[in-house]
Amino acid sequence: MDTLKRFDFLNKSQPIRLTPSYSNPDFSTARRLGSVDSGITRPPPLIKLENAYNPLFSPYYSRPPSPTSRKSSIGIQRRASSTSMIDDARFASVNLEEMKDEIYLLCKDQNGCRYLQKKLEETNLEQREIIFNQVYPHFVELMTEISLNMHGTRAVQRMIELISLDEQIQAIVKAFSPIVVTLIKDINGNHVIQKCLHRFTTKHKQFIYDAVSENCIEVATHRHGCCVLQRCIDYSANHQTKQLVDEIISHALTLVQDPYGNYVVQYVLELGDAKFSDRLIRQFIGNLSKLSIQKYSSNVMEKCIRVAEEDTRHDLIQEMMNKDRLEKLLKDSYANYVVQTALDYASESQHQQLAECIRPLLPTIRNTSYCKRIQGKLNRQQQQQRQFGSNNNNLLGYSLGFHPLMTSFPNFSNSP
């Protein structure tokens with residue numbers, strides 16, 4: 001039988017044609033109310049109920065879908081399911097030997113991809129070898145296209161899970177090395193890289209860390225890249241963690257202001273390793289005001305104040321001790337949260353200094369929603385100081401033999 005004819009069944013399934021159903025009784029109402037325009041049916045308007053005294057009254061009511069439309073939907077699902085079962089049945093009767101010349105095309109077909117995955121899962125080393133050998137001669141050219149394909153990416157991920165021979169792993173490393181960043185930024189390809197991180201040894205996945213380090217900003221500021229970079233940290237050995245974090249720290253000012261890059265910076269802070277976090281936070285000293293008034297970086301500034309070492313935290317908060325700068329921060333919708341965090345985490349002496357700077361500025365923010373919160377933080381601190389002072393006086397009195405119920409100090413003289 002001709003090879004092309006054997007493969008032709010992939011295109012025999014006919015698409016299901018969906019046509020709008022007008023069996024819904026609301027259609028006549030919609031037409032009467034002018035909801036049909038140029039042959040396009042819009043949802044009927046909500047019908048207002050007039051009897052407000054009805055205990056089940058609801059001011060607006062939308063009719064549920066009719067039983068007819070439900071049956072139509074169920075019928076479509078059943079036809080789609082039966083079509084998928086027929087396609088699976090066709091593949092079930094196909095021998096891999098007969099299809100070996102079409103393996104690349106099968107990878108990009110939904111049912112063909114499922115068929116190959118099943119073959120890979122079978123404990124037949126000969127079948128795995130056939131699949132691998134058919135792709136290997138064109139590995140560099142083909143693996144990119146397959147990995148970026150919605151169905152092909154699943155086949156590649158399954159292959160990565162199951163291969164064990166060093167030459168097979170090296171072939172994949174060779175194919176992916178020039179296109180790591182391309183794969184990372186793709187909605188399908190990024191899962192292939194994550195699978196490599198999960199399955200490969202430290203030595204075999206080093207090519208990913210090298211590529212990400214060389215393209216740190218491009219990867220970290222991408223919606224998929226920022227997630228993959230975090231997974232790189234999760235699966236890294238100590239030297240690989242240092243390799244990535246060093247690059248992140250060197251580009252910290254750029255990343256912290258980015259919608260995606262700021263999450264990478266926060267992830268490093270959450271590692272809880274002082275040798276990384278302290279170096280990272282010190283990149284922001286001198287730029288606290290600028291970063292606090294920005295949407296993304298303001299969140300990071302709050303986290304920096306929370307997790308910083310005592311000396312580093314002191315240097316950050318000290319930047320606020322300027323009347324004009326502090327007034328700008330208090331009036332800003334983002335930066336005011338940074339000021340509040342500083343009040344919560346400042347040392348006692350620095351808190352008192354910051355509070356003295358804030359109190360004269362409270363009238364300038366009295367119309368804001370957060371003024372009361374800041375006022376409350378200042379009042380609580382003031383009450384604690386008074387209570388502390390009162391407790392100290394009581395302790396002094398007790399030490400001298402004075403009890404709060406006494407009206408005067410006792411006489412300690414030796415005279416009778």
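Positions of Cβ are set from backbone N, Cα and C atoms, glycine also.
Heads up, TrEMBL stuff is auto-annotated, nobody curated it.
Marked as domain 'PUM-HD' by TrEMBL: 28-382.
The region 'Disordered' feature in TrEMBL is assigned to 60-79.
Taken from TrEMBL, the feature repeat 'Pumilio' applies to 98-133 (among others).
Distant neighbours of the repeat 'Pumilio' (138-174): 104, 107-110, 112-113, 116-117, 120-121, 128, 131-132, 182-183, 186, 188-189, 191-192, 195-196, 199-200, 204, 207; these residues of the same chain sit at least 6 beyond its ends, with a Cβ under 8 Å from one of its Cβ atoms. What TrEMBL records for 138-174 (among others) is repeat 'Pumilio'.
Annotated repeat 'Pumilio' per TrEMBL: 175-210 (among others), in sequence order. Across the repeat 'Pumilio' (175-210), the DSSP tally of helix, strand and coil residues reads 26 helix, 0 strand, 10 coil.
The repeat 'Pumilio' annotation in TrEMBL covers 211-246 (among others). Beyond its flanks by at least six residues, the repeat 'Pumilio' (211-246) meets 177, 180-181, 184-187, 190, 193-194, 197-198, 202, 205, 254-255, 258-261, 263-264, 267-268, 271, 276, 280 of its own chain at Cβ-Cβ distances under 8 Å.
Annotation comment: TrEMBL describes 247-282 (among others) as repeat 'Pumilio'. Residue counts for the repeat 'Pumilio' (247-282) under DSSP, split into helix (H, G, I), strand (E, B) and coil, are 25 helix, 0 strand, 11 coil.
Panel annotation: around the repeat 'Pumilio' (283-318), residues 249, 252-253, 256-259, 262, 265-266, 269, 272, 274, 277, 325, 328-329, 332, 334-335, 337-338, 341-342, 345-347, 350, 354 of the same chain, lying at least six beyond its termini, place a Cβ under 8 Å from a Cβ of the stretch. Summarising the annotation, TrEMBL assigns repeat 'Pumilio' to 283-318 (among others).
Here TrEMBL flags 319-356 (among others) as repeat 'Pumilio'. Here the repeat 'Pumilio' (319-356) has Cβ contacts under 8 Å with residues 285-286, 288-289, 292-295, 298, 301-302, 305-306, 310, 313, 364-365, 368, 370, 373-374, 377-378, 381-382 of the same chain, all six or more residues outside its ends.
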Restricting attention to the repeat 'Pumilio' (319-356), give the mean pLDDT.
93
Do any residues, 6 or more residues outside the repeat 'Pumilio' (175-210), come within under 8 Å Cβ-to-Cβ of it, and if so which ones?
139-140, 143-144, 147-150, 152-153, 156-157, 160-161, 169, 218-219, 222, 224-225, 227-228, 231-232, 234-237, 240, 243-244
Counting by DSSP secondary structure, give me helix, strand and coil numbers for the repeat 'Pumilio' (211-246).
28 helix, 0 strand, 8 coil
